[in-house]
């Protein structure tokens with residue numbers, strides 16, 4: 001019989017191109033905490049879920065979805081494994097794989113359970129991701145933070161939007177760089193809680209980083225006027241669907257940072273941007289992922 005505080009540890013050994021999809025699957029499955037570890041030519045993605053939240057049949061269905069994702073991406077099927085561990089083992093297993101991570105020229109990301117130094121030549125971004133995607137270790141998150149280093153100009157008092165804010169890491173990063181205000185939305189209420197916790201962890205006032213549950217309609221209600229820039233680090237097909245909706249929320253000549261995009265999906269994103277009145281300024285690539293920086297053309 002499992003202990004009262006048992007957790008499922010779910011392990012997915014997969015092709016690197018499946019990393020973000022695997023994270024997304026685990027998040028939607030309800031995992032509280034995820035991590036990734038490089039293994040030769042593969043990646044080991046872990047997720048943790050209270051035992052009472054899933055039965056064996058649920059886990060088998062999750063494994064099948066991951067296999068279908070691999071077929072879609074035309075890569076080898078992942079190796080899927082699950083086991084029950086106690087609560088203390090879960091906490092240790094997840095956290096031991098995550099250490100302070102320098103990102104770009106300006107940031108260093110510190111897990112909440114590691115005390116940061118009193119003095120640093122980098123901006124210290126503290127994070128406890130909980131259920132949310134965005135620990136700073138994924139290529140797409142790093143590309144977005146590095147893009148923000150180029151786009152955020154403190155003397156311009158920029159107001160930004162973060163669509164699908166996850167752990168809040170990108171909105172927090174923007175405020176640390178000098179953005180006057182960031183509006184973040186995510187359609188997962190647990191993720192919103194995580195982002196608000198991280199906002200507090202970084203001592204950012206709620207007026208400077210507004211975090212609400214929702215998507216584009218809620219973002220439209222939050223902002224008083226079009227924003228200077230928008231950040232969107234989610235799946236490519238979702239970006240294509242949402243582009244017509246969020247384009248009017250950005251000022252003419254405003255910018256967008258878009259990631260969560262596989263390299264082979266970049267043409268579809270470029271086409272969607274052009275169709276919605278955007279010009280691609282730069283495409284940065286890392287591993288199998290890319291990040292678009294785009295500028296909105298003058299409105300009608």
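Glycine residues also receive a Cβ, built from the backbone N, Cα and C atoms like all the rest.
Swiss-Prot names 141, 164, 186 as S-adenosyl-L-methionine ligands; from the candidate set 119, 208, 233, the record adds 233 to that same site. Of all the Cβ atoms in the protein chains shown, 23 others lie within 10 Å of the Cβ of residue 164 (S-adenosyl-L-methionine binding site). According to DSSP, residue 141 (S-adenosyl-L-methionine binding site) sits within a helical segment.
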